[in-house]
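Participant: I'd like to ask you about the structure that follows.
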Amino acid sequence: MLLFQRSALGLLAIRRVWSMSRSAHTAPQTLEYKPIKKVMVANRGEIAIRVFRACTELGIRTVAVYSEQDTGQMHRQKADEAYLIGKGLPPVAAYLHIPDIIKVAKENGVDAIHPGYGFLSERADFAQACMDAGVRFIGPTPDVVRKMGDKVEARAIAFSAGVPVVPGTDGPISSLQQAQEFSNSYGFPIIFKAAYGGGGRGMRVVREYEELEENFQRAYSEALTAFGNGALFVEKFIEKPRHIEVQILGDKYGNVIHLYERDCSIQRRHQKVVEIAPAAHLDPHLRDRLTADSVNLARQVGYENAGTVEFLVDKHGKHYFIEVNSRLQVEHTVTEEITDVDLVHAQLRVCEGRSLPELGLKQDKIRINGYAIQCRVTTEDPARGFQPDTGRLEVFRSGEGMGIRLDSASAFQGAVISPHYDSLLVKVIASGKDLPAASAKMSRALAEFRVRGVKTNIPFLQNVLSNNQFLNATVDTQFIDENPDLFNLKPVQNRAQKLLHYLGHVMVNGPTTPIPVKAKPSPIDPVIPPVPLGATFDVAMRFLCECPWRRLQEMRALMPNVPFQMLLRGANAVGYTNYPDNAVFKFCEVAKENGMDIFRVFDSLNYLPNMLLGMEAAGAAGGVVEAAISYTGDVSDPTRQKYSLDYYLKLADELVKAGTHILCIKDMAGLLKPDSGHLLVSALRDRFPDVPIHVHTHDTAGAGVAAMLACAEAGADIVDVAVDSMAGMTSQPSMGAIVACTKGTKLNTGISLEKVFDYSEYWEVTRGLYAPFDCTATMKSGNADVYENEIPGGQYTNLHFQAHSMGLGNKFKEVKKAYAEANKLLGDLIKVTPSSKIVGDLAQFMVQNSLTRAEVEERADELSFPLSVVEFLQGHIGIPHGGFPEPFRSKVLKSLPRVEGRPGASLPPLDFQALEKQLRDAHGDEITPEDVMSAAMYPKVFQEFKEFTRTFGPVDCLDTRLFLDGPKIAEEFEVELERGKTLHIKALALGDLNKAGQREVFFELNGQLRSVLVKDTMAMKEMHFHPKALKDVRGQIGAPMPGKVVEVKVKQGQQVEKGQPLCVLSAMKMETVVNSPLSGTVAKIYVTADSTLEGDDLILEITE
């Protein structure tokens, strides 16, 4: 036995114990039975409800008390009466305010108070205050509460009763010096414990001298906050013990029994997480010693009512007394389950004056029946160090069934989890004939829980229950610390609720995908074919909010024998910038592994070094290489010599020499006329008779069918078309027209026109669903002016939409003219994404700011050009045919760095392992190689995509109309999450705007009412008015275009030079660097990153 007694105080305490014990046993027993008529519970939450239920069963009226923060809590409603206490006090202080509690009790005829656990449950002054007020305290006498609450005196009592104790201080300490003295005598590790409370608060283990001061301060502060007294005592820390506690019950006549033990070894930071009764694999002789010591200790002090004696059991089977909890424990439930004794009933009856024998509670009648486990389900996030989570319970569904008991309070849909109190949500108790049976029931029950709106520790508890060490009952208090695998948490899918959030968001705020024009999707749904369709890589994530890799995998599974082709922008891969060479190679490798067959490799400037890198990467991955020459100009016009027939033939020579399998002409603007198409393809066919030739064009001018027929006559093997209902204008030429025109000729396609018509009919209906994106919403016909402005078909549509979204719809003719001027400013470029985007960005910039070509050239050194234009002139996407325009380039760049040669050649290799680790740290372990590739190509888009799916889940299960426009009120529909899992949803109502700028959206999901709170972005925006820049004030810098602030590059008070970047704006894929028009000091900044601005919104002020 280890004993630490450092003064005569210890002997005095023992003498007091002997004297008190003697008087306890000799006191006359003249008590009488006094029934309790009304009980107040001076507590909250589930323990208050637990006591109320017991009272109701015994015919006793109940009274609840509540703080101002608890007006919506369930314990108020479960009581017969409820009264406010602690008005104006902080949340916890309200439940610690003894005068208020006693006042309510006396004013409302309460004749007994149950303290529950925590708060005032172990405060002797509270027990005494109850007695002084003539109200019975349902617990031990104030003197016993004081003795057991004083951990030093409790140790002395244990020692006098012959119970082993851990070496510790013989009195509470309140200074660091006292702690240092103890550690000098007994060494480390030591443990601080709150002298006047438990529950793990104020408890700190110290293993080294350097940690002593910090842990003392933290323990003292916690104890002071939790119990109103920061006094601590110190013990020698026992390494890796089991924590075993014995339930005791005494009456007013000196009778004491035990109800066996509980194993509470599974702890986190000294707070119990899982409790088991009885303790598994406990030596019977040790059990006898533990229970005998507990009963003897209780008799020594004349203990009455319920209590718990706690012990540590070391690896050698030696037990040491820790403390007595003179109250009902959180985990009393497991004892009730294995003994069939209602402890709260017993507490109430003992308080009334009944003896244990009268209640049928004799030691020889108490038997263990099976096993019980309690799991404390809390609103804590195990992945973030068990950080408490707060918020509204959007969904609550509990696990139930045979062998499951639930003790809870505010665990219901709509309940608000407060930050003010303990994070306990519900206690789940499972019973079975043995520990494996109880564990199986608990696991099943936890799996049935559905808690949405806040994080819970359920995934962590499930890991505990499946751990072999737990199942073999070999756990100790270090179990959680030594099993990091417990924190490998299975993500909660929460798909249904996330979908409701998405639908609610669309109903309140409109589509998440930017809509170019105000047009509604068609209400008619087409008959969906079983094959999904492709989308460009970034569009899948950015606008459809889907994973492009998953779409590819699904298509490949459905069509295993159809070749798939993708566009590869050479060294730009599938992005709009340059990537390290290894990133391009890796992308092709992953694409081939996921089912891609043919790689159509091109470069927006026809820059050969970029194209050769892409061809090499596609070939190395095992793909079919199709080198594509981007077409511009007119080879049939002898006056246009920059992009002549000889230019294209020489470029084709290089590509064939490099080993391309297929040669492609990529006419993105639809500039190939029948004569020029025939001329170019004939020349290529003559030079390369064995190389397949593929021609791609657009039908903006209306001559696409004629041009493709001419190319076919000249020897083209493949021409691209669009099904009739999707053809024409800025799309490809009509499939039906070419099939019909070649029927019966040597160029017969062999395709049935009937099948073309059937296919076209589906797309005609489908097209109506995309009405807000349809070019016919703003364009009514093609236009031959494309031969002058050379705008690529896809970009023609995009520019049209962008012009409308930026308020330039009435100026689209000017935009087209500006496009031609911008192209000349930049030196007459090949115009394919991303080079076409650069020309388009410059054109819109010119129209937005009413600039002519001459003015742009003249003021090039002071204008804030779109970022894409600046980066092009720096050489970020390669070198254009004929070089960069001068002096325009030098005036724009000034001293900015320039890239020489192939841009990617100077980039260091991408560290994929580091990127994967970064993604796993940010998004969890569900990151796939495809995710890593997406992040490598589009870091920001991928981040936004992951944030979207984290908020709304996968939305690819929604049909197009629901995705874009959301459901109508009273509309019913089904959503198939996966095979065999279908959601039946009905949109019910849209609530009014609340003070937080939110609307509650109501649904019926699978027959149950659900609701979500959605921020009304328009309403919130109306609450904020952003100042405009005054154009006549030189130092006020306004937004040159509507958009979102990506980055603020300066700080208030900073000196800036003319032309220095101030901030970066982004809108519709276009980023613009706002440069300072003057030198001076930044006086005030009006924006932050992510601020949404309208044109001319004030960004900052500069004083000269």
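For all residues, glycine too, the Cβ spot is worked out from N, Cα and C.
Given the structure is predicted, the values throughout are model-derived calculations rather than measurements.
Heads up, here are the entries from TrEMBL:
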type: ACT_SITE; residues: Arg327; note: active site
type: BINDING; residues: Arg569, Thr833; note: substrate binding site
type: BINDING; residues: Lys666, His696, His698; note: Mn(2+) binding site
type: DOMAIN; residues: 35-485; note: domain 'Biotin carboxylation'
type: DOMAIN; residues: 155-352; note: domain 'ATP-grasp'
type: DOMAIN; residues: 500-757; note: domain 'Pyruvate carboxyltransferase'
type: DOMAIN; residues: 1034-1103; note: domain 'Lipoyl-binding'
type: MOD_RES; residues: Lys666; note: N6-carboxylysine
type: MOD_RES; residues: Lys1069; note: N6-biotinyllysine
type: SIGNAL; residues: 1-19; note: signal peptide
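What does the local environment look like for each feature on the list?
Facilitator: Over all protein chains present, the Cβ of Thr833 (substrate binding site) has 22 other Cβ atoms lying within 10 Å.
Summarised as a single figure, the pLDDT of the domain 'Lipoyl-binding' (1034-1103) averages 86.
Long-range Cβ contacts of Lys666 (Mn(2+) binding site) within its own chain (separation 6+, distance under 8 Å): Arg600, Phe602, Ala628, Ile629, Ser630, Tyr631, His696, Val832.
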Participant: Quick one: pull the CA-CA distance for His698 (Mn(2+) binding site) versus Arg327 (active site), whole Å only.
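Facilitator: Distance (Cα to Cα, whole Å): 82 Å.
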Participant: Counting by DSSP, what is the helix, strand and coil composition of the domain 'Lipoyl-binding' (1034-1103)?
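Facilitator: Summed by class, the stretch gives 0 helix, 39 strand, 31 coil.
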Participant: Would you kindly give the Cα-Cα distance separating Arg327 (active site) and Thr833 (substrate binding site), rounded to the nearest Å?
Facilitator: 74
Participant: Among the recorded positions listed here (Arg327, Arg569, His696, His698), identify the one with the smallest other-Cβ count within 10 Å.
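Facilitator: Selected from the recorded positions Arg327, Arg569, His696, His698 on minimum Cβ neighbours within 10 Å: His696.
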Participant: Calculate the distance in Å between the alpha carbons (Cα) of Arg569 (substrate binding site) and Arg327 (active site), and round it to a whole number.
Facilitator: 73
Participant: Hey, for the Mn(2+) site built from Lys666, His696, His698, who else sits with CB inside 8 A of the CB center?
Facilitator: Tyr631, Ile665, Asp667, Met668, Gly670, Val695, Thr697, Asp720, Gln732, Gly793
